[in-house]
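J.: Below is a structure I'd like to ask you about.
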Amino acid sequence: MSTGSPAYDKAELKGVFATFDKNGDGFITKQELRESFKNIRIFMTEKEVEEMVVKVDANGDGLVDFEEFCILCKATGVRDQGGDDEREGQVAGQDGGEGDLKEAFDVFDKDKDGLISVEELGLMLCSLGLKEGGRVEDCEEMIRKVDMDGDGMVNFDEFKKMMMRGGGKLVSVF
């Protein structure tokens, strides 16, 4: 647990934000949010997406900007694990998006063991207000779809394959 430093690593959050913001305009639309979840087989109604956006849409524009996204992450407990301040100055996308993917992966990998477990996936989905997070069988099914080595967890390579679609474009967040 870090003390004294900012509770949230802005560089990490920028990377995660970029995975939701498909067109790179600096805002996450309801459609982008819904499509991100659909890509990982979480089907949300328009009403569910609307409710999620309303929770964090401080300025009422119907979009989630970076600052509002940070509020969402703060509310869901995405914490800075410390030691990554040197990334602050790096230019996003320098590594073809793999850094953004690693940052998104790290948000799910709460215990930092290099694997996303059923429990970690469930906690993150619940923190986003998604009912699938509360059902172990749903989380197990999501993991099974991308678990190439059969260990019941998602490692970074499996996460990367799931997240990348045609032309190397980042398409969703787990």
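Yeah, the Cβs are placed from backbone N, Cα and C, and that goes for glycine too.
Pulled the feature table from TrEMBL, pasting it below:
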DOMAIN    8-43  domain 'EF-hand'
DOMAIN    44-79  domain 'EF-hand'
DOMAIN    96-131  domain 'EF-hand'
DOMAIN    134-169  domain 'EF-hand'
J.: When DSSP states are grouped into helix, strand and coil, how many residues of the domain 'EF-hand' (96-131) land in each?
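T.: So the domain 'EF-hand' (96-131) is made up of 22 helix, 2 strand, 12 coil.
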J.: Count up the helix, strand and coil residues in the domain 'EF-hand' (134-169) according to DSSP, in that order.
T.: 20 helix, 5 strand, 11 coil
J.: When secondary structure is assigned with DSSP, how many helix, strand and coil residues does the domain 'EF-hand' (8-43) contain?
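T.: Breakdown, helix to coil: 21 helix, 2 strand, 13 coil.
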J.: Kindly state the mean pLDDT of the domain 'EF-hand' (8-43) in the predicted structure.
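T.: Averaged over the domain 'EF-hand' (8-43), per-residue pLDDT gives 79.
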